[in-house]
């Protein structure tokens with residue numbers, strides 16, 4: 001009984017890390033797949049727009065990649081804590097504090113990615129006519145909203161990880 005309660009917090013953190021990884025990977029896939037082709041007619045060639053053409057969407061993609069890499073680096077720490085039946089991730093207070101500080105930095109970074117995606121998408125959609133936009137343009141913006149939303153959920157999962165880590169540190 002004591003060993004299962006001892007690994008309950010690290011197990012919850014592992015589940016949240018895996019959820020964070022899945023959300024960031026989904027955000028990465030959605031923003032990378034977001035494409036738009038505008039046909040202006042009149043003999044002009046169609047213009048293809050992807051995340052590469054919009055700085056904020058490139059930022060969303062970059063943060064998703066960085067967040068995935070960071071989460072993949074953190075998963076072994078949690079797995080070792082579970083395997084050793086340690087309540088505190090990292091083994092010592094100093095390592096746990098360092099990991100919490102790193103989590104805070106990356107949670108804020110992921111939140112800025114979500115904010116950049118939401119902000120630009122809202123402004124661009126409003127500037128180009130909002131509800132009067134053609135269906136393909138609306139789909140382009142909605143996919144960007146989806147990527148930013150997934151990233152925001154990942155930031156929330158990281159915030160929960162931080163709370164659980166702090167709780168295990170002070171407990």
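Using N, Cα and C of the backbone, Cβ positions are placed for all residues, glycine too.
Marked as topological domain 'Cytoplasmic' by Swiss-Prot: 1-11, 81-94, 167-171. The transmembrane segment annotation in Swiss-Prot covers 12-32, 60-80, 95-115, 146-166. Marked as topological domain 'Extracellular' by Swiss-Prot: 33-59, 116-145.
Along the topological domain 'Extracellular' (33-59), the predicted structure has mean pLDDT 85. Residue counts for the topological domain 'Extracellular' (116-145) by DSSP state, with H, G and I taken as helix and E and B as strand, are 26 helix, 0 strand, 4 coil.
Note: the topological domain 'Cytoplasmic' (81-94) comprises 5 helix, 0 strand, 9 coil (DSSP; helix = H, G, I, strand = E, B). DSSP places the residues of the topological domain 'Extracellular' (33-59) in helix, strand and coil in these numbers: 9 helix, 8 strand, 10 coil.
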